[in-house]
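First up is the structure itself, then whatever we jot down about it.
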Amino acid sequence: MEHGPASVPAALPYYVAFSQLLGLTVVAVTGAWLGLYRGGIAWESSLQFNVHPLCMVIGMIFLQGDALLVYRVFRREAKRTTKILHGLLHVFAFIIALVGLVAVFDYHKKKGYADLYSLHSWCGILVFVLYFVQWLVGFSFFLFPGASFSLRSRYRPQHIFFGATIFLFSVGTALLGLKEALLFKLGTKYSTFEPEGVLANVLGLLLVCFGVVVLYILAQADWKRPSQAEEQALSMDFKTLTEGDSPSPQ
């Protein structure tokens, strides 16, 4: 049986639901880890550091992953509405991650600790800068009305590739930070299956699973959001206006 142009692939809703279950579990387990073994979170105390992992997991992992899935989930809505939602989720993720960065730098300053010496911190700054640049370039090409149709078409594959790469990089950086935090506190006791170490290892596996499921959904070509007839017509009109080409059948 052939599906309509905006029909939903049978397995897609289950994978999306599973990704959300994993993502929410990651956030919950992060909160549980910080609450049970790190004293919780607060801004004006020694607990300020704990704001960093929580914000990074919510922003750079969960919300970034959801932003990538927008075009798989919203298949019948207007393309511009979907673009705006995609961009807004990235904005929320960026702001929350920025709070996490400010928290850790401020905490280090108050304690007199060195900044940006570990592999985790180098990767973290790099992925944060790449994320910001990716958003700016994406906004310029796809939401700001100045880019030509052919320029958008040429850049779109790079935008998709770098979006998935930055997400994967974010998951890897979170794993580095998690291990660093465990080694700093537990030291040699990490190898004795301390309860905190076990819980954090589970969190690490959940992070990997969330990343894998999101990337799997993105990798399925037949799960991409199909172009609707009116969108194709608008695209051809836009191409005519910006480049002077005559609309031709696809």
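We count from 1, first residue shown onward.
Backbone N, Cα and C define each Cβ position, glycine as well.
Features of the protein shown, as given by TrEMBL:
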- 18-219: domain 'Cytochrome b561' (DOMAIN)
- 12-36: transmembrane segment (TRANSMEM)
- 56-74: transmembrane segment (TRANSMEM)
- 86-105: transmembrane segment (TRANSMEM)
- 125-147: transmembrane segment (TRANSMEM)
- 159-178: transmembrane segment (TRANSMEM)
- 198-219: transmembrane segment (TRANSMEM)
Listed stretch, out of 12-36, 86-105, 159-178, that has the most CB pairs under 8 angstroms to the transmembrane segment (198-219): 12-36
Which of 56-74, 86-105, 159-178 contacts the transmembrane segment (12-36) most, counting Cβ pairs under 8 Å: 56-74
Overall pLDDT of the domain 'Cytochrome b561' (18-219), taken as the mean: 96
